Amino acid sequence: MLLALAQWLQNDYSFLRVVNYLTFRAVMANLTALLIGLAFGPWVIRKLTELKVGQAVRTIGPQTHLVKAGTPTMGGVLVLVSIAVSTLLWCDWGNRFIWVVMLVTFGYGAIGWVDDYRKVVYRDPRGMSSREKFFWQTLIGLVAAVYLAFSVSESSNVRVWELFLNWVEGGLSLDMPYKSNLIVPFFKEISYPLGVAGFIVLTYLVIVGSSNAVNLTDGLDGLVIMPVVLVGGGLGVFAYVMGNSVYSKYLLFPHIPGAGELLIFCSALAGAGLAFLWFNAHPAQVFMGDVGALALGGALGTVAVIVRQEIVLFVMGGIFVVETLSVMAQVTWFKITKRRYGEGRRLFRMAPLHHHFELGGWKETQVTVRFWIITMLLVLIGLSTLKLR
């Protein structure tokens, strides 16, 4: 919005030309989201407390968590509003990738909101049924995946529609351009053609998987938001590179017109996340809830797909991956041993993994900060793939 206004007035006020610079708008988006979050955070927490939107805590978890019962949840609304206002103020409204990411982010946020609402109203920690939640995640994820399958390599929505029709008329068979290939980190000449179906399936898995992985990680004060900020910042760098024809050519990446604008979204995400951390740091004044975790995870997955860095997301978001795998391994091993021995056995003291360390004697703050440090290292490894190829 401000970009269009600045372009309209820049002939009379030359200093407004600075708004044309992507890096300037990214910095301003970050600061705007940060200030909105810090300014309205106390009010949001107070309102959530008045509405008795308190977190229900499972009694089977670490006993130290019982004191958290009643802490306001659904604080992710503050994060999403900060991101939305900041992004819409500083982005180019004509950029289609911005709207795709916003669709996924707020679509998944709506799913999380319903889930949190049911937990609060019915005092049931389970919230929405897994089947219902998965259905809506799948619907939104597939819509985004189908659109991105044809839009990543094309700059015109008209051309995207033509490619889609050609794909349908051709019996769901269509040659995809190089830009749609799966990029393998550290190898500049290795990429794998996915085809339309492969692209859609991979995109769906990345978006839905990332959303649920972030949600599973959100279990301790401040644990998930800092890794989200770090990974989002890393993806913002990739967005800037992929959207710049000079840098992408120099670094031997495919140029994706319009991808650079996602730097605005990632910057706003980082600013909103840091503002939320101000109130979510131990002892937390507010919890994110599914409304924030599902949305932010979906956002990271969508950005990663657009900038063709699905594998790098897997690396940078290693904490999310390990937390998810710990749950899968715990459930699988429990079922196998129950079938074999008549009683289920556990691989970990408790899943997700952060609870395993808590029950092993680590303080909550130790788990959180150590996971942050690991994420910092993983993000640096991910960023190193820009040049080490």
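Positions of Cβ are set from backbone N, Cα and C atoms, glycine also.
What Swiss-Prot records for 25-45, 74-94, 97-117, 134-154, 190-210, 222-242, 259-279, 286-306, 311-331, 366-386 is transmembrane segment, and it gives sequence analysis as the kind of evidence.
Ranked by number of Cβ pairs under 8 Å to the transmembrane segment (74-94), the listed stretches 25-45, 134-154, 222-242, 259-279, 366-386 are led by 25-45. If you look at the transmembrane segment (311-331), the same-chain residues 6 or more away from its ends with a CB under 8 A from one of its CBs are 182-185, 206, 209-210, 212-214, 216-217, 227, 230-231, 234-235, 238, 297, 300-301, 304, 346-348, 351-354, 356, 371, 374-375, 378-379, 381-382, 385. Among the recorded stretches 97-117, 222-242, 286-306, the one sharing the largest number of Cβ pairs closer than 8 Å with the transmembrane segment (259-279) is 222-242. Between the transmembrane segment (222-242) and the stretches 25-45, 134-154, 190-210, 286-306, 366-386, the greatest number of Cβ pairs separated by less than 8 Å involves 366-386. Counting same-chain residues at least six beyond the ends of the transmembrane segment (366-386), those with a Cβ under 8 angstroms from any Cβ of the stretch are 185-186, 220-223, 226-227, 230-231, 233-234, 237-238, 241, 251, 282, 309, 312-313, 315-319, 354, 357-358. Within the same chain, residues 41, 44-45, 48, 55, 68, 71-80, 97, 100-101, 104-109, 111-113, 115-116, 127, 137, 140-141, 144-145, 148, 152, 202-203, 206-215, 217-218, 224-225, 228, 231-232, 235-236, 239, 256, 259, 262, 265-266, 269, 273, 276, 279-280, 312-313, 317, 320 sit at least 6 positions outside the transmembrane segment (286-306) and bring their C-beta atoms closer than 8 Å to a C-beta of that stretch. The list of residues near the transmembrane segment (134-154) in space but at least 6 beyond its ends in sequence, with Cβ under 8 angstroms from a Cβ of it, reads 96-97, 100, 103-104, 107-108, 111, 160, 163-164, 167, 176-177, 179-180, 196, 199-201, 203-204, 207-208, 211-212, 256, 294, 298, 302, 305-306, 308.
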